[in-house]
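K.L.:
Mind looking over this structure? Questions follow.
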Amino acid sequence: MARAVRKKLIAIVEVAHLNRLLELLTQAGVTGFTVVDARAGRGLEGEWDRADFNDATQKKLVHAITNAATAERVFEAAEPFFDRYPGIIYGQDVEVLRPERF
Amino acid sequence: MARAVRKKLIAIVEVAHLNRLLELLTQAGVTGFTVVDARAGRGLEGEWDRADFNDATQKKLVHAITNAATAERVFEAAEPFFDRYPGIIYGQDVEVLRPERF
Amino acid sequence: MARAVRKKLIAIVEVAHLNRLLELLTQAGVTGFTVVDARAGRGLEGEWDRADFNDATQKKLVHAITNAATAERVFEAAEPFFDRYPGIIYGQDVEVLRPERF
Amino acid sequence: MAEMFALALANLTSPAVLFFALGVFAGVARSDLAVPEAVAKGLALYLMLAIGFKGGVAVAEQGLTTTLILAALAGVVLSFSMPLIAFALLRIMTSLDRATAAASAAHYGSISVVTFVAGAEFLRLSGIASSGHMVAVLALMETPAILTGLLLAGSGAAGGDKRTRGELVREVMLNGSVVLLLGSFAIGMISGPAGMTKLEPFVVDLFQGVLALFLLDMGLVAARRLSGARRLGLGGVVFGLVMPLIGAGVALGVAVLLRLSVGDAAALMILSGSASYIAVPAAMRIALPKADPAVYLTLSLAITFPFNLTLGIPLYTALARAVLGG
Amino acid sequence: MAEMFALALANLTSPAVLFFALGVFAGVARSDLAVPEAVAKGLALYLMLAIGFKGGVAVAEQGLTTTLILAALAGVVLSFSMPLIAFALLRIMTSLDRATAAASAAHYGSISVVTFVAGAEFLRLSGIASSGHMVAVLALMETPAILTGLLLAGSGAAGGDKRTRGELVREVMLNGSVVLLLGSFAIGMISGPAGMTKLEPFVVDLFQGVLALFLLDMGLVAARRLSGARRLGLGGVVFGLVMPLIGAGVALGVAVLLRLSVGDAAALMILSGSASYIAVPAAMRIALPKADPAVYLTLSLAITFPFNLTLGIPLYTALARAVLGG
Amino acid sequence: MAEMFALALANLTSPAVLFFALGVFAGVARSDLAVPEAVAKGLALYLMLAIGFKGGVAVAEQGLTTTLILAALAGVVLSFSMPLIAFALLRIMTSLDRATAAASAAHYGSISVVTFVAGAEFLRLSGIASSGHMVAVLALMETPAILTGLLLAGSGAAGGDKRTRGELVREVMLNGSVVLLLGSFAIGMISGPAGMTKLEPFVVDLFQGVLALFLLDMGLVAARRLSGARRLGLGGVVFGLVMPLIGAGVALGVAVLLRLSVGDAAALMILSGSASYIAVPAAMRIALPKADPAVYLTLSLAITFPFNLTLGIPLYTALARAVLGG
Ligand SMILES: Nc1ncnc2c1ncn2[C@@H]1O[C@H](COP(=O)(O)O)[C@@H](O)[C@H]1O
Ligand SMILES: Nc1ncnc2c1ncn2[C@@H]1O[C@H](COP(=O)(O)O)[C@@H](O)[C@H]1O
Ligand SMILES: Nc1ncnc2c1ncn2[C@@H]1O[C@H](COP(=O)(O)O)[C@@H](O)[C@H]1O
Ligand code: NA
Ligand code: NA
Ligand code: NA
């Protein structure tokens with residue numbers, strides 16, 4: 001059976017800027033999200049690791065399933081955000097149950 | 001090179017109902033899965049955070065790569081499950097190595 | 001607006017082999033990745049759980065966004081890797097901001 | 001009287017209460033102060049292990065007495081019955097749906113380990129220490145209320161799940177905190193004073209410090225939950241302040257009937273007046289997933305717990321003394 | 001004799017053993033009691049730091065003696081050689097593949113820190129405390145068995161990986177638990193009694209309590225692993241009970257040859273009879289990824305460890321006394 | 001003189017310093033030894049709680065004195081002004097961009113709690129214990145440097161973010177470590193010796209042991225950071241060794257002016273010579289996200305901290321004694 005399609009957004013963001021990102025998502029119209037702790041990583045700024053007992057460079061993964069229009073608004077708002085702060089954001093299509101939720 | 005395509009399912013589920021969901025997956029024919037701790041989130045029921053030292057509202061992410069037929073069976077069984085319990089489930093196509101595993 | 005498309009790779013790998021996998025990714029040309037702790041799972045080798053205070057069977061999830069050519073190189077190098085070590089790897093298309101990063 | 005005020009003041013300036021206040025302050029001011037989840041859980045395990053073990057050793061030294069059996073019976077009856085009163089009040093005072101009201105009511109029949117621990121310390125400083133066996137009463141009071149809550153929720157409970165009620169009860173009785181408390185109590189009874197010699201620096205000396213750190217975290221959590229108070233409405237908030245008084249009052253009546261000592265009476269009041277925030281929420285998520293957790297967690301953690309910690313405990317103690325002498 | 005029974009009973013009713021039993025009970029009953037992973041690892045770090053440091057201080061006070069050197073040599077030889085016996089037995093008694101049998105055999109040449117710690121406490125209570133330098137022996141016994149295991153696995157080891165055997169050995173020798181144990185031992189030796197004055201409340205007073213909490217978790221893990229016992233078959237289970245007796249028996253022979261004191265002989269027996277559950281499994285996942293971890297973790301954690309903790313330790317002690325007098 | 005050498009040697013062979021060295025060794029050798037993140041954070045919380053509380057109790061016993069007020073003022077002025085010197089030096093000695101140099105400079109105006117703690121212990125052993133109120137000075141010195149850092153970064157700070165500077169300052173002042181330190185200090189002052197009676201086994205007896213375990217982890221982290229030293233260049237490394245001497249030197253001048261006691265002077269030197277590794281990095285990620293964290297974390301953790309812990313503390317103490325007598 002063909003399922004309804006929605007957008008999944010994933011952002012990787014630094015712990016100090018997490019609340020700002022969640023606000024950005026909410027303002028764009030995202031109604032649900034789930035945050036996961038990242039453990040380590042590498043990017044333009046070099047490597048980081050949670051074992052550094054120091055929260056300064058810790059990262060979080062934010063997942064949010066939403067509809068296409070909202071996703072587009074998020075992408076637009078995310079551009080200046082990720083210019084300023086470290087991290088990345090990307091999207092992909094997913095098939096969902098109960099599409100009216102998102 | 002074109003890789004074989006399989007379905008990836010992701011469910012977000014409350015810790016108290018995790019074992020029930022894993023049983024549901026197993027019964028549908030899923031042979032492998034990986035569970036990840038979620039840290040915080042928001043949904044229809046409002047916000048939650050792991051820092052609440054209380055397991056009551058903690059969530060887990062369950063990933064499972066499986067074939068299309070099994071995924072369809074999971075979706076069907078998941079409908080009543082997520083009617084009753086908080087959480088969401090969604091699927092997407094992924095390219096895999098060793099497709100016969102899934 | 002149509003976004004640029006890149007490949008997201010996800011590998012699930014045992015903690016003892018994580019550094020080897022990251023090396024493999026780096027050699028294939030991957031420039032960024034994020035590691036997440038897995039909590040529990042099941043596969044060909046049976047079940048495991050982090051609560052086993054024993055690192056022996058702990059797993060990590062490695063996410064990496066990269067371009068198609070690099071992804072193909074990773075897949076090729078991953079074949080013998082996952083013949084030898086437990087775990088899986090898969091890929092999918094994602095839409096990204098700032099595509100020149102990857 | 002003056003002495004009671006002095007004790008109440010000593011309570012408010014004890015490190016434990018002050019660390020709770022610090023946590024509330026940090027939370028309300030949105031500081032990023034945080035106790036890692038694993039550490040908070042470890043502290044909770046420690047507190048349950050220590051309190052259970054010390055209670056068990058105390059009973060090993062005193063032996064099983066009729067008083068213990070009576071107090072245990074009283075505790076179980078209170079745990080079963082208080083949710084009935086709480087449910088009736090919640091239906092009158094608030095507009096909560098049936099499932100949420102039933103789930104919240106269950107919390108008030110059960111108990112809060114940390115409230116008990118703070119209360120036991122207060123009683124000790126007041127010179128009317130409660131008996132070691134009150135820990136057994138505490139452990140026995142944890143779960144009966146859950147069953148009453150499920151009955152109150154009616155057919156909505158576990159709505160259509162294939163699990164039988166029997167399975168539910170098994171899951172509830174095997175809640176980690178219940179098992180650890182009762183298990184540590186049993187270990188204390190079996191290993192007795194010889195066991196205490198080995199564990200004393202761990203379970204006794206460290207106790208107040210660990211409690212302070214744990215209360216710091218409880219303050220942070222309570223502050224986060226305070227934002228849920230709006231959802232409760234005024235009726236809900238008043239309920240969260242009045243219900244502990246009712247619970248403690250009923251327990252005082254029972255204690256008079258059973259001729260408990262002042263210390264044990266006060267301890268029973270503290271238990272009956274306290275509301276669960278670990279075992280019952282976990283059970284409610286399993287059995288009543290449709291009940292709103294923001295309501296019962298806010299009631300228990302952000303309203304009733306702070307009230308008991310700061311004012312309830314000295315008040316119940318004063319009442320027990322006034323009625324039972326001592 | 002009667003005294004030995006009394007001690008064995010005291011062992012079974014000690015808080016440490018009882019908390020292990022509580023963990024097993026909770027695990028088997030499928031309670032949701034759990035020690036957070038980070039806390040369990042923190043407790044393990046504490047135990048290794050404390051045991052290493054205390055051993056080092058003891059040696060600083062006694063000085064390096066020939067007995068230590070002899071015992072260390074004996075330990076290393078036992079660690080290298082016990083896997084040979086274990087491998088032969090596993091190939092006879094079970095139908096495990098070569099890699100899994102070799103990996104499992106390696107566990108029995110190495111040692112279990114917690115078994116040693118529980119044993120040392122038992123010896124102390126029995127009035128035949130072992131020397132502080134046995135900790136050094138313990139640390140030295142951790143890794144040699146791994147090399148034997150790799151040899152036994154034959155060409156299958158690290159199957160075709162580009163890593164050289166040298167790299168493997170480096171990774172194994174730098175296992176966190178080995179480094180912390182030896183490092184803390186060295187720190188104890190260097191900072192001596194002056195260092196002990198500072199750390200005593202931490203490494204000595206708390207020790208039994210932390211051990212109890214850690215054993216609770218080990219009980220939970222052992223119970224989870226018990227389900228793997230089916231995969232072992234009867235032959236595997238019997239091996240897990242017989243092999244510690246063989247290990248302890250051989251160690252007793254060596255101790256007689258070297259004229260070790262009763263306490264040191266018993267400690268060497270406990271070490272030789274115990275099976276690793278941290279350093280060796282980690283090494284085996286690196287070196288023999290095709291060996292089945294469910295087999296060796298079940299053997300070590302769910303069969304041999306509980307046996308040693310409850311019956312093995314008193315038995316080895318009684319044997320050491322019977323043979324060496326004291 | 002000979003006595004100072006003996007004390008310096010005692011410092012180097014103290015368990016705390018040796019556990020730091022063990023961590024560095026394990027990290028450099030790429031052992032998989034690791035302290036779980038949650039445990040490390042728990043230990044950090046403990047240290048701040050304990051140090052704050054003990055300082056507060058000390059002030060409750062001594063009362064607020066002009067010396068405290070003077071020392072506090074001196075600390076705040078030092079915290080505000082040291083980043084100016086640090087910034088100038090960094091611009092001369094290295095080719096770091098403005099934002100990174102400003103962020104790094106801010107670290108040197110602020111303080112390192114663990115350096116202070118190790119220093120306080122050293123002073124105690126040297127017979128010139130600093131006053132309890134130096135903890136208040138420590139807490140007050142944490143944040144002013146951050147403001148100077150932001151000024152130095154110029155318009156680049158928080159580049160174009162809509163947050164006002166006021167919001168930034170609020171976030172910085174409510175940093176968890178600042179709140180816990182000041183809060184515990186206040187709790188110590190309010191609950192006084194009566195509170196200390198309850199918490200003493202926790203905050204005093206365990207302190208050295210927890211510090212040792214924490215330093216083990218700091219060694220591991222410092223070793224991981226050492227790889228970043230290449231990015232610093234020789235100029236950066238030299239800065240990380242010279243700047244603490246300058247900070248301590250200026251503090252000594254201030255202490256002479258204010259006629260502080262030898263112990264307090266040495267403590268102020270240690271504070272001024274130390275560099276933050278918790279509060280300031282967190283603030284810089286918020287306020288100056290473009291500044292390179294690898295630079296300031298390497299400077300603070302891998303260069304200045306080890307220097308202060310091993311050589312700086314005895315050196316500053318010797319200087320304070322030489323200049324102020326005692
Ligand atoms: N290509 C990528 N794939 C996955 N994660 C990435 C990638 N690039 C960056 N990240 C994550 O985002 C963090 C910040 O990235 P950056 O701003 O490039 O330093 C990194 O530390 C990684 O955890
Ligand atoms: N749209 C969404 N995107 C990502 N996670 C979600 C979404 N909706 C719900 N969740 C997660 O699922 C949990 C339960 O959802 P709910 O049943 O809607 O309360 C939430 O707390 C989130 O962690
Ligand atoms: N189909 C799957 N879907 C998701 N995760 C899997 C799957 N198969 C294996 N895994 C994960 O990879 C680990 C190792 O797999 P295996 O090598 O099959 O034992 C498992 O323990 C799971 O955590
Ligand atoms: Na109650
Ligand atoms: Na052995
Ligand atoms: Na400074």
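Each Cβ is built from the backbone N, Cα and C atoms, and glycine gets one as well.
These came from TrEMBL, pasted as-is:
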type	residues	note
TRANSMEM	F:6-26	transmembrane segment
TRANSMEM	F:38-60	transmembrane segment
TRANSMEM	F:66-90	transmembrane segment
TRANSMEM	F:135-160	transmembrane segment
TRANSMEM	F:172-190	transmembrane segment
TRANSMEM	F:202-222	transmembrane segment
TRANSMEM	F:234-260	transmembrane segment
TRANSMEM	F:266-288	transmembrane segment
TRANSMEM	F:295-316	transmembrane segment
K.L.:
Of the stretches F:38-60, F:66-90, F:172-190, F:202-222, F:266-288, which racks up the most C-beta pairs under 8 Å with the transmembrane segment (F:6-26)?
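P.N.:
Per the Cβ under 8 Å count, F:202-222.
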K.L.:
Any chance you could find the range in F:172-190, F:202-222, F:234-260 with the most Cβ pairs under 8 Å to the transmembrane segment (F:66-90)?
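P.N.:
Result: F:234-260.
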K.L.:
Six or more residues beyond either end and a Cβ under 8 Å away: which residues meet both conditions relative to the transmembrane segment (F:202-222)?
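P.N.:
Distant contacts of the transmembrane segment (F:202-222): 15-17, 19-27, 33-35, 40, 43-44, 46-47, 49-50, 53-54, 114, 117-118, 121, 196, 301-302, 305-306, 309.
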K.L.:
Using a Cβ cut-off of under 8 Å, list the residues of the same chain at least 6 residues beyond the transmembrane segment (F:266-288) that approach it.
P.N.:
44, 71, 74-75, 78, 82, 99, 102-103, 106-108, 110-113, 115-116, 119-120, 123, 128, 130-131, 134, 137-138, 141-143, 145-146, 149-150, 153, 156-158, 168, 171-172, 175, 177-178, 243-245, 247-252, 254-255, 260, 296-297, 299-301, 304-305, 308, 312-313, 316-317, 319-321
K.L.:
To the transmembrane segment (F:172-190), which of F:38-60, F:234-260, F:295-316 is linked by the most Cβ pairs under 8 Å?
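P.N.:
The stretch with the most close Cβ contacts to the transmembrane segment (F:172-190) is F:38-60.
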K.L.:
Same chain only, please: residues at least 6 beyond the ends of the transmembrane segment (F:234-260) with a C-beta under 8 Å from a C-beta of the stretch. Say none if there are none.
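P.N.:
Distant contacts of the transmembrane segment (F:234-260): 67, 70-71, 74, 77-78, 82, 85-86, 89-90, 93-96, 108, 268-275, 295, 298-300, 303-304, 307-308, 312, 315-316, 319-320, 323-324.
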